[in-house]
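Enquirer: Straight from Swiss-Prot, here's the annotation block:
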type     : residues                : note
ACT_SITE : C51                     : active site, thioimide intermediate
ACT_SITE : D58                     : active site, proton donor
BINDING  : V73, E74, S75, H92, E93 : substrate binding site
Amino acid sequence: MTELKEQLSLLGRKTEYKQDYAPEVLEAFDNKHPENDYWVRFNCPEFTSLCPITGQPDFAEIRISYLPDVKMVESKSLKLYLFSFRNHGAFHEDCVNIIMKDLIRLMDPKYIEVTGIFTPRGGISIYPYANYGRPGTKYEEMAIHRLMNHE
């Protein structure tokens, strides 16, 4: 347990909320079961960002699902990371792809998908979806299949 506490700098400590996009707050820890294929899912119902053109707030539920390999994302760091989008100007599709790419850089998962369920503005709701499967593996094929059969 001491080793795990040394790996993580946010959990169990006073929280500083970043006011702009801050991928550096993401932290990972070792997966105790990298030989197993299993889902880890996060549902983040209070995501906010800003429209890069109007500066108006956008609200969404962000859903993150992944098959971990050696590393896993620590949930408090993920919460703080997602909060850092609060004053960040980005289109919905950009937010989803940025989140996915940052998590790939952090963990190098076998497979990951991120969905944004954005609250309607102007009578239109946008639900961007992005996924990734590790190249050259069955997870790459899985990503293609899931993308082609998405909704």
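Just so it is clear, glycine is given a Cβ too, placed from its N, Cα and C backbone atoms.
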Enquirer: Which residue, of the recorded positions C51, V73, has its CB surrounded by the fewest other CB atoms within 10 A?
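Expert: Checked C51, V73; of these recorded positions, fewest Cβ neighbours within 10 Å: C51.
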Enquirer: D58 (active site, proton donor): which of the recorded positions C51, V73, E74, S75, H92, E93 have a C-alpha within 10 angstroms of it?
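Expert: Within 10 Å Cα-Cα: C51, H92.
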Enquirer: Measuring Cα to Cα, tell me the gap between V73 (substrate binding site) and C51 (active site, thioimide intermediate) in whole angstrom.
Expert: 27
Enquirer: In sequence order, which residues at least six apart in the same chain have a CB under 8 Å from the CB of S75 (substrate binding site)?
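Expert: Same-chain residues close to S75 (substrate binding site) (Cβ under 8 Å, separated by 6 or more) are F42.
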Enquirer: Compute the C-alpha separation of E74 (substrate binding site) from the residue listed as 'active site, thioimide intermediate', stating it in Å without decimals.
Expert: 28
Enquirer: If one measures from the C-alpha of E93 (substrate binding site) to the C-alpha of C51 (active site, thioimide intermediate), what distance in angstrom results, rounded to a whole number?
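Expert: Taking the Cα atoms only, E93 (substrate binding site) lies 11 Å from C51 (active site, thioimide intermediate).
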Enquirer: By a simple count of other Cβ atoms within 10 Å, which of D58, E74, E93, the recorded positions in the record, is least packed?
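Expert: Checked D58, E74, E93; of these recorded positions, fewest Cβ neighbours within 10 Å: E93.
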Enquirer: Name, in the order they occur in the sequence, the residues of the same chain whose CB lies under 8 A from the CB of H92 (substrate binding site) and which sit 6 or more residues away.
Expert: S49, D58, A60, G116, F118, I126, P128
Enquirer: Mind computing the max CA-CA distance among V73, E74, S75, H92, E93, which the record assigns to substrate binding, rounded to whole Å?
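Expert: Maximum Cα-Cα distance: 24 Å.
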